[in-house]
């Protein structure tokens, strides 16, 4: 009979190998199995109830969790299931698009393309412009050039299809598998197929045709999916923003295949923030129902006491109608709102919805003078309902109860907040303290004794 330590070891190994389905929802088995079949090359002839099938499923789950930046457990936990249900590209995350050093590529640098048909949701001219801009995303950072042809079939053919369309990769109707592409080569090689049933747009609503096309063209040129959540080539659809900039991860990978742009000034891309980067600064910080949200570019970093690690995600995932590169934010907990600032505009948000009538102008909404063009930082003191707006080295105070500015402001920040001598970049309240941020340093200002009692690196919020 095996010893107790051996039995425990066997139990641990089996619990690690076999996926667990939470809440007794056996429907999840089919969801996970089908997802791993489609995107992770899980054998179609395997059965989930078979021991080998369970082991293989757990291994494929770990691959998926690794790529998506999830906790790697081999189990179908709720976070993994949520990721699986998001709209995404139909190209597999593994073979034939395996991440290897032998990715297929075009052997020529001048490629042609043709548009076979159109979506009914957009005018033809808008479709053509979106596709042309998507090609420019890649020609701007490589030696590649692209030309549309009309009388012949291009190297890359773009077309819209519904359901089973004869390429062994059927579409599934609205809101899930958006498009798929074939790797470089003759025939279907490089071709882009869109799901005709999707609502294609040229805005942040539904699915942006330019953004999806730019992603699919990455595959047309030989790129695989990226594990960088900020990359264009991340597998799931990430909401489009008007100031789109190609991520540096995408630039590095496409230049590995085709070389750099011939332009004398090499383009640089956006980068995804890493919470434990000691030099990391933030655009805005706010609390919300006990959590803290740190905003940077298109991203937020979310911290609460129930999460062992900070959550990095895209602003558009939670708030698709908010701008990116915010200036400031604060929570008005007495009315269950968070207010976000960019330039001279303010957005009032409850839950995930921007309230009707917003954005509003800060001059008419709060009463700022016309020479205030933006807000650097803001915080609402919980006990008093007074909101402090910091601009350069001055601050204004606003009464949330009377909805008016207090008289006698602006005042110098350093006079009323001793120790806060630099411009305030961000601020929020936690307990009896205001946390002031300047560049990558935070100062804890004790509201009871009215002075700074601690200063440290900003990344300490992320358990670094």
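Note that Cβ sites are derived from N, Cα and C of the backbone, with glycine treated the same way.
Counting every protein chain shown, the Cβ of residue 225 (Zn(2+) 2 binding site) has 24 other Cβ atoms within 10 Å. Annotation note: residue 225 (Zn(2+) 2 binding site) sits in a coil segment as assigned by DSSP. What Swiss-Prot records for 89, 215, 219, 225 is Zn(2+) 2 binding site.
If you look up Swiss-Prot, you'll see 165, 167, 180, 193 marked as Zn(2+) 1 binding site, on the strength of similarity to another entry. Around residue 180 (Zn(2+) 1 binding site), taking its Cβ as the centre, 21 other Cβ atoms fall within 10 Å, counting all chains. For the recorded site, residue 180 (Zn(2+) 1 binding site), the DSSP three-state label reads strand.
DSSP classifies residue 216 (active site) as helix under the three-state reduction. Marked as active site by Swiss-Prot on the basis of sequence analysis: 216.
Remark: residue 425 (Ca(2+) 4 binding site) has 281, 282, 376, 377, 437, 438, 439 as non-local neighbours, by Cβ distance under 8 Å and separation of at least 6 in sequence. The Ca(2+) 4 binding site annotation in Swiss-Prot covers 283, 376, 425.
Note: the Zn(2+) 2 site is recorded as 89, 215, 219, 225; in the same chain, 91, 181, 216, 218, 223, 224, 233, 235 also have Cβ atoms within 8 Å of that site's Cβ centroid. Using a 10 Å Cβ-Cβ cutoff, residue 167 (Zn(2+) 1 binding site) registers 12 neighbours. Each of the binding-site residues 165, 193, 215, 219 was scored by the number of other CB atoms within 10 Å of its CB, and the largest score is that of 215. Cα spacing between residue 225 (Zn(2+) 2 binding site) and residue 216 (active site): 10 Å, rounded to the nearest whole number. Here the recorded positions are 216, 283, 376, and the one with the most other Cβ atoms within 10 Å of its Cβ is 216.
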